[in-house]
Amino acid sequence: MLSFRVEGEEAPLVLEQEEVLLDSKFKPEFPNQTVLSISLEERNKLPPRNLNLFPNLAKDHIKIVLYVHNRPQYLKVVVQSLSAVEGIGETLLVVSHDGYYREMDEIVQGIKFCQVKQIFAPYSPHLFPDSFPGVAPGDCHDKENAAEKKCNGNPDQYGNHRSPKIVSLKHHWWWMMNTVWDGLPETKGYTGHILFIEEDHYVLPNAYRNIQLLTRMKPWKCPDCYAANLAPSDVNSKGEGWETLIAEKMGNVGYAWNRTVWRKIHAQAKNFCTFDDYNWDITMWATIFPSWGTTVYSLRGPRRSAAHFGKCGLHQGQDSRNACIDNGVVSVDVDDADKIPNINSNWPLHVVKKQGGYQAGFKGWGGWGDERDQKLCLSFAHMYHFVEAPSI
């Protein structure tokens, strides 16, 4: 184990590094918490529920992380779809909340089909109505000039100041990743793959068995694949329907990677946290993956096992009277082939060499120019790797 000592007038910190690459001179700082955020952080320490119903996890299980915001109508659909997934009772479902919303909490507490653990991002802007990372008094707004208005904040590359509702998207994803891989006792020693899904991803019944197959065959069928995916990178595609495996750009619907890949991502924390785009996935596509020096492929089957059904923006929110779902329901075709594993290890591999979408060189959509957001993001990267240095 390597350690780095940080010099300073205050008590030094030691950076514990187990294949963790971080700036040893950076000292993480976090906002003063509210009563609510402190209580939520305490809830994060609770053990998974339903241990009486599912006392043991399968030896070859793949853990699942569902990250949610405030779209209860969507969450109900996702939970219903997960309840019909073959093998779901073999694993642990971690639900990561961006802020606290009672209805979202109640829906998750009603899950009875597997072990389930809830975690809440304690520094979500939604928990800080009067201070950073929420809206702080004296903050600049829109395109205000900080010098003229004598307000606080750094504009993005387009001249816009931060919006807490927007930046929470990237903050939550990054906090969640760091917490799941390095902070939770249920997952931080786990060496297998973790499957990540969002509250507007409908999961088909064969999804869990398919992701098990894909991650198992990935090392020998596609050595250049860093991850496995349940759906094409084009969210509107249902797949090609060929009798082949597909290696293509990593999609953001139902993706799974292991700790080795997470370490490569985590090593690029500074690039992730300073790239001026509030979207975590575009940040990954435009700056993190290209930094690895090779095409980053993900392995998937020729038919989707998860579907994106969202029809409204992530932070618009909704209630039962204002759902962003057509007629209040979701219509996802589930054929017989989607109810059983439908991936064959004897199939050849088709490599999609021409990668569409965001590429290296894209400068970002902005929304992430404030130095406070960048520093908080970097603090999340360090939060599980610093300990107080022993007294001498």
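In case you wondered, yes, glycine gets a Cβ from its N, Cα and C as well.
When TrEMBL is consulted, the disulfide partner of Cys151, picked from Cys114, Cys140, turns out to be Cys140. Among Cys114, Cys377, the one TrEMBL lists as the disulfide partner of Cys273 is Cys377.
Neighbours of Cys273 (disulfide bond) among the recorded positions Asn32, Cys151, Cys222, His308, defined as a Cα within 10 Å of its Cα, are absent: none qualifies. Nearest in space to His308 (Mn(2+) binding site), taking C-alpha to C-alpha distance over the disulfide-bonded residues Cys140, Cys151, Cys222, is Cys222. In this view, the densest Cβ surroundings among the disulfide-bonded residues Cys151, Cys222, Cys225, Cys273, Cys377 belong to Cys225, judged by other Cβ atoms lying within 10 Å. Cβ neighbours within 10 Å of Asp200 (Mn(2+) binding site), excluding its own Cβ and spanning all shown chains: 25.
Between the C-alpha atoms of Asn32 (N-linked glycosylation site) and Cys222 (disulfide bond), the distance comes to 46 Å.
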